[in-house]
């Protein structure tokens, strides 16, 4: 989830009004004549109705991305823009009718954006494309290891909703007492939160509102085009490997090695949002794996692994694809974990040594020196400190949810004993703080890394004979939800600080958005699960690649390296070290040169999936690059709107397509591409 935020960070550094802010360019001077509504008035019914509608839209988008490649770009811009458009249209209509009682404010806009992102975020942290679906029999059959009944739990709407309600709120309460330390005392940047706040502030100025209307029109135009393109493609998908998504654009041999442009509007849009380096890294990883390594390892069939094995067996070529990819992901994760932890410890040491003479920030006795701050910071700090959330609410809330979790979760996952959960909850606040602090410094959330740590620790503790695989995957879910929601809430506190939204309204909005997500995400996943054939199977429309990866991590933690094919462990060590080495080089050469060195985490993603989506994303990058060369200002203003329209239109088409599939309505045509020799055989067969 963190890779896509690089673009937001850049925007925040260039445009943030806090950087060198003076009264001449003060944001709050612009809004000086507008009274900030009390926190209760920021939480309006219309805001939550709009949030619910947008939450469903973005959950479909995130779910589709989760179940195809696992790459999810930041949707903050889209959420803020669409929230502004819907409520502004509604209030304009009421104003003309003389029925408007409360104008639309930037604080209410922030509440909508927070609620939508919290709601759709559950589609990621809920593990529907990773640990949660990795528990299922569909994924267990692909690994052929540790697939006994005690290590399998098939999806069910009831237990998924119950699980998410039990684990998704704990992280919110864990960081509430630290909000002042993070935002006021430490003045952490939170680049994505800062960029989002800048965007929302700009919407509510006269010039910004005019631009926002144009951006919404652009988004709507490309939304319609993308939706209609998805509808048109559907007619030609009446069988396996049919339609434009199986078009061998680079030739049949390249298609066999998963190199082709699949005409996906979603991934063209994602490519326009993700930084160029991410997209190029994906392409480099696809070329290295599917273009070089897998063909070479395939030549060793019968020598390194039995020749008669199925292509999907993890004891054959598939094992190299999965485990070498896992090695790179773990190497990259370990490096960034140590790096961010180092930044965190150094930053804390520096902060506490600097603040010794000013008071103790942890006890809350420090007081910001308001006269030394800019006008904007003075105004925002007073507002932020005005509506405090009592610490006793956070403590009671955390303890209550922890007790409920310890009692409830062992009934959902029998191998996950109560003392495993209690141990996680003892360390969770510290890890949640580290993740939130590191995210404030680097914009890099390590939620999935902490989740993988829980897989290995709890899985090994439980043991293979006691359902360790299922216990590890469930523990991953508990840990990921805690640290992910903690960093999300602190990001929201930063956004609220910069838009003068109350911390109380931010907290309530996050809680309501999370509750929405706990219902919406399982329902959307259940629709996908029941609607599409071969769901979760490699090569299908929704292969859920990370589900198999997470399950195999759990197997690795429980059973060790005995499951790996020959020479696979040696290659895993090489690529684990390679990921650490490349990250080290990237940090040593500085930001300017690091722009030309691929990112190992991004390189690892195509190792298992293939290169088709990387080509789509590079096409998106190419479109944006050419557009920037022709008209840089217009590309910067409307590029995110075009990308969001492409993603949203194609994403929302999955709703009618899944309903058609459930109703038994199948596409009428199968458009398939064959080689000349195969076509002759088909013609001969049909002619006979």
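Cβ coordinates come from backbone N, Cα and C, glycine included.
As written in TrEMBL, here are the features:
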type	residues	note
REGION	1-20	region 'Disordered'
COMPBIAS	1-11	compositional bias 'Polar residues'
TRANSMEM	43-65	transmembrane segment
TRANSMEM	71-90	transmembrane segment
TRANSMEM	111-133	transmembrane segment
TRANSMEM	157-178	transmembrane segment
TRANSMEM	276-297	transmembrane segment
TRANSMEM	392-412	transmembrane segment
TRANSMEM	418-437	transmembrane segment
TRANSMEM	507-532	transmembrane segment
TRANSMEM	568-585	transmembrane segment
TRANSMEM	605-627	transmembrane segment
Are the transmembrane segment (418-437) and the transmembrane segment (568-585) close, by which I mean at least 3 Cβ pairs under 8 Å that are 6+ residues apart in sequence?
no
In the same chain, which residue numbers or ranges, 6 or more beyond the ends of the transmembrane segment (111-133), come under 8 angstroms Cβ to Cβ?
1, 42-44, 47-48, 50-52, 54-55, 58-59, 61-63, 66-67, 70, 72, 75-76, 79-80, 83, 87, 139, 155, 160, 163-164, 168, 196, 200, 447-448, 451, 455, 473-474, 476-477, 480-481, 484-485, 488, 492, 495-496, 501, 505-506, 509-510, 512-514, 516-518, 520-522, 524-525, 536, 544, 546-547, 549-550
How about the transmembrane segment (507-532) and the transmembrane segment (71-90): do they have 3 or more C-beta pairs under 8 A, pairs 6 or more apart in sequence?
no
